[in-house]
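Q: For reference, the structure I am asking about is given below.
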Amino acid sequence: MARTKQTARKSTGGKAPRKQLATKAARKSAPTTGGVKKPHRYRPGTVALREIRRYQKSTELLIRKLPFQRLVREIAQDFKTDLRFQSAAIGALQEASEAYLVGLFEDTNLCAIHAKRVTIMPKDMQLARRIRGERA
């Protein structure tokens, strides 16, 4: 559709402004007591999307090093006591573990989307592992 030039028109009156109700007028004229401002809140999902973009850009490890190291030592004790680990070995285990978990969560998210949901559930993770052949 072609754009046309707008010309100024003189207003021909119109409706008179309505009178405010007494309650509205009283509410507007009442002074704000305390002056406490509500803290700013982002809409649901905004922060989540920002975090997704941030973590997809980054390459750093997401699990803290010491808790992961304690977990590895605790699991290793079931197989052999007094095992010692090089720091590089713990680092390699952590890299592999995080790569596995990220991939599993990606597949889990695809399963949830396939079910027309945006929230992942345990059944999505079970399905992802079953399709991968990790669990019968």
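Note that Cβ sites are derived from N, Cα and C of the backbone, with glycine treated the same way.
Keep in mind that this is a model prediction, so the values were computed, not measured.
What Swiss-Prot records for this protein is below:
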MOD_RES   LYS5  N6-methyllysine
MOD_RES   LYS5  N6-acetyllysine
MOD_RES   LYS5  N6,N6,N6-trimethyllysine
MOD_RES   LYS10  N6,N6-dimethyllysine
MOD_RES   LYS10  N6-acetyllysine
MOD_RES   SER11  phosphoserine
MOD_RES   LYS15  N6-acetyllysine
MOD_RES   LYS28  N6,N6-dimethyllysine
MOD_RES   LYS28  N6,N6,N6-trimethyllysine
MOD_RES   SER29  phosphoserine
MOD_RES   LYS37  N6,N6,N6-trimethyllysine
MOD_RES   LYS80  N6-methyllysine
REGION    1-43  region 'Disordered'
Q: How long is the line from the C-alpha of LYS80 (N6-methyllysine) to the C-alpha of LYS37 (N6,N6,N6-trimethyllysine), rounded to the nearest angstrom?
A: 59
Q: If you count other C-beta atoms within 10 angstroms, which of the modified residues LYS5, LYS80 is the most crowded?
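A: Within the set of modified residues, the most crowded position is LYS80.
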Q: Within 10 Å of the Cβ of LYS37 (N6,N6,N6-trimethyllysine), how many other Cβ atoms are there?
A: 7
Q: In whole Å, how far does the CA atom of LYS37 (N6,N6,N6-trimethyllysine) lie from that of LYS5 (N6-methyllysine)?
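A: For LYS37 (N6,N6,N6-trimethyllysine) versus LYS5 (N6-methyllysine), the Cα atoms are 45 Å apart.
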